[in-house]
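The block underneath contains the structure these notes are about, expressed in structure tokens.
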Amino acid sequence: MNDSVTTLLRRRPSAGKMLIHVVFIALCVASLFPFLVIIGTSFQSENDIVKFGYSIIPRNFTFDAYRVILHEPKVLFQSYFVTIATTVIGSLVGMWVTTTYAYAISRKDYRFRSFLAFFIFFTMLFHGGMVPSYILMVKWLGLKNNILALILPYLISGWFVLLMKGFLQTIPEAVIESAKIDGAGELRIFAQIVIPISKPALATLGLFFALQYWNDWWLTLLYVEHDNLMKLQYLLIRVLKNMEYLNSAEAIQYGLVKPGMLVPSLSARMAMCILAAGPMLLVFPLFQKYFVQGLTVGSVKG
């Protein structure tokens, strides 16, 4: 009996742990609150937002914002397809390029290790600029209105390479040497030893690449003129600009909208946030375990 009581007392969390749990629960609720406001406001009418402000629970539930955004579903679905395609292809290729580059500069026995490390670090300090990049992509490579223009610029990042290099340097050198003694070549070591060990870092890297490609609208603005290559973020920005114009005095003057009529631009902003962030919110939990491990790459115990 005494042993059972002692076990229960040991399992009971201390006051300090209880306080930590309460604080973190409060932080989670506080972090979730803005997202709930976004969801609730996306179903509010424009008049209610103007009169009563943003609310989690709509006074008059309406789908007006989503009807406006989904007015041309074919264009929206096409932009989703382009965004998903560039995100998947760009992330996979970017992870491969970044990992191979990082593996090369993480090996102490590689002859050009210092030069390649300086080369990638130099790109973090000095950037070519928008005009040279545009000339390279359009004039020299001829990638205007080409899906490759939405993928190539983000294929490699100096910060991503250094992040991956920090993880690869934690792999014991004895593991690599043992594989060499067993007759394994560099490609086999990389594919069968380095890649499986690097799953946490690869998951983190993949998530960073996916967020970068998914949230991008700048490359579409620069290199795309055709609607069939328009990414989701840029399409939503264009829809928002159109709705803001319809609420202007000029639109009323030209008879595009009736006087006193409000186009749901405020609620549409929230609806666009839901449409843009929804897929990534579904993907993140799948990588959360590896993501947390990957963030501790290169950390040192105190």
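Cβ coordinates come from backbone N, Cα and C, glycine included.
According to TrEMBL:
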- 18-39: transmembrane segment (TRANSMEM)
- 76-267: domain 'ABC transmembrane type-1' (DOMAIN)
- 80-103: transmembrane segment (TRANSMEM)
- 115-135: transmembrane segment (TRANSMEM)
- 147-168: transmembrane segment (TRANSMEM)
- 189-214: transmembrane segment (TRANSMEM)
- 266-287: transmembrane segment (TRANSMEM)
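Against the transmembrane segment (266-287), the recorded stretches 18-39, 80-103, 147-168, 189-214 differ in Cβ pairs under 8 Å, and the greatest number is found for 189-214. Between the transmembrane segment (147-168) and the stretches 18-39, 80-103, 189-214, the greatest number of Cβ pairs separated by less than 8 Å involves 80-103. Among residues of the same chain six or more beyond the transmembrane segment (18-39), those with a C-beta under 8 A of the stretch's C-beta atoms are 54-56, 270, 273-274.
Non-local neighbours of the transmembrane segment (80-103) in the same chain are 116, 120, 147, 150-151, 154-157, 160-162, 164-165, 168, 190, 194-195, 198, 202, 205-206, 209-210, 213-214, 228-233, 279; each lies 6+ residues outside the stretch with a CB under 8 Å from one of its CB atoms.
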